[in-house]
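Report on the structure given below.
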Amino acid sequence: MAPAPPPAVSFSPAEVQRRLAAGACWVRCGARLYDLTGFVRHHPGGEQLLRARAGEDVSADLDGPPHRHSANARRWLEQYYVGDLKGDPQGSVENGTVSSANTQKTDPWMEPKLKAVDWDKDLVDWQKPLLWQVGHLGEKYDEWVHQPVIRPIRLFHSDLIEALSKSVWYNVPIIWMPLMLYFSWSHYRTLAQGNVRLFESFSTEYSVALPQSAFPGLFVMGVLLWSLLEYLIHRFLFHMKPPRDSHYLIMLHFVLHGQHHKAPFDESRLVFPPVPASLGIAFFYITLRLLLPEAVGGIMFAGGLLGYIIYDMIHYYLHFGSPHKGSYLYNMKTYHAKHHFAHQKSGYGISSKLWDHFFHTLIPEEPHPKMQ
């Protein structure tokens, strides 16, 4: 059973003002008050929120540039509801400018209420591991998984398997950068010996000797190959729509990517855990090794591995970083937010929009209507 919602609370303008003075970021839609202190740094439009006046209806700011809010985003906002403003909802709070952009922690007074929030439409028991439960959602799964929540997810009963399904972000460079550097250096030395020939396994007469200077080109080809693979996996595997009568395919989709769309700010699940990542990386290497000479495949593998590291780091930053407004990463952050909250069937690029351009899956530009 979902926990009962907390009782409604009313706040006077003076009470709201005190919280703002303490560094909180509270916003208002009509008479409803929301505490976005803990979320504002993750929001692509966080700068607008930090400039909003608490006594002003900020729905226009919430729907303003750089993106329009979807129904999912509006439902998401309800998780931060703290109560209503006493008196005239059209009134204002004096000197209600949010002054602190550095406050990252939620007001301790609010913490119990955030933990108690649960939607009426929840179809699972959040006190138990979710993986086996989602398989039974059937035709309700696709809609449910694209209604995001701000809470951690537990997948497995086993503590060991659960631990292996999570990772901190810095594991990615710590584990995979040394391997990338090793493959780069060792196969560069092999290429420098001057005895690597392309197509030699098919025809000695028409084989092509590869000079040492081919290393940068092969490395960049590996990076581009990974970016293409990233796009294809994200589009066709991660965003497959599992058959509603297939318990196991629903579970597979959820463990691969559905969990991320359900809880996009569960930071322990934003990068690939080392154990499952090693299986994919090993498959990538073996495939290149079978198709190409060892040195060529090894150099392209090193480039692909760097592409993967960049991808995972950028993806984490798009969720938890605060890029400067107008920068490349700021634009990618807003683009990725649209993918999560409004356009799950387009906008598959994470580190760039290159393949979205090429395959015509760009998220369409839209006007920014005001919240009704």
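Heads up, the Cβ atoms here are built off N, Cα and C, so glycines get one too.
Heads up, TrEMBL stuff is auto-annotated, nobody curated it.
Here TrEMBL flags His43, His69 as heme binding site.
If you look up TrEMBL, you'll see His234, His239, His257, His260, His261, His315, His319, His336, His339, His340 marked as Zn(2+) binding site. Its own atom aside, the Cβ of His261 (Zn(2+) binding site) has 20 Cβ atoms within 10 angstroms in the protein chains shown.
What TrEMBL records for 8-86 is domain 'Cytochrome b5 heme-binding'.
Among the features that TrEMBL reports, transmembrane segment is placed at 168-188 (among others).
The list of residues near the transmembrane segment (208-233) in space but at least 6 beyond its ends in sequence, with Cβ under 8 angstroms from a Cβ of it, reads 184, 188, 191-192, 194, 196-199, 284, 295-296, 299-308, 310-311, 348-352, 354-356, 359. Taken from TrEMBL, the feature transmembrane segment applies to 208-233 (among others).
Marked as transmembrane segment by TrEMBL: 270-292 (among others).
Annotation comment: TrEMBL describes 298-318 (among others) as transmembrane segment. Through the fold, the transmembrane segment (298-318) approaches residues 169, 172-173, 176-177, 179-181, 183-184, 186-188, 190-191, 215, 218-227, 229-230, 267, 270-272, 281, 284-285, 288-289, 292, 329, 332-333, 336, 350-351 of its own chain, all at least 6 residues removed from its boundaries and within a Cβ separation under 8 Å.
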Distal contacts, the transmembrane segment (168-188) - CB-CB under 8 A, six or more residues away: 212, 215, 219, 267-268, 270-274, 277, 281, 294-295, 298-299, 301-302, 305-306, 308-309, 312-313, 316
Neighbour count first, Cβ atoms within 10 Å, every protein chain included; then name which of His234, His257, His319, His339 tops the list of binding-site residues. His339
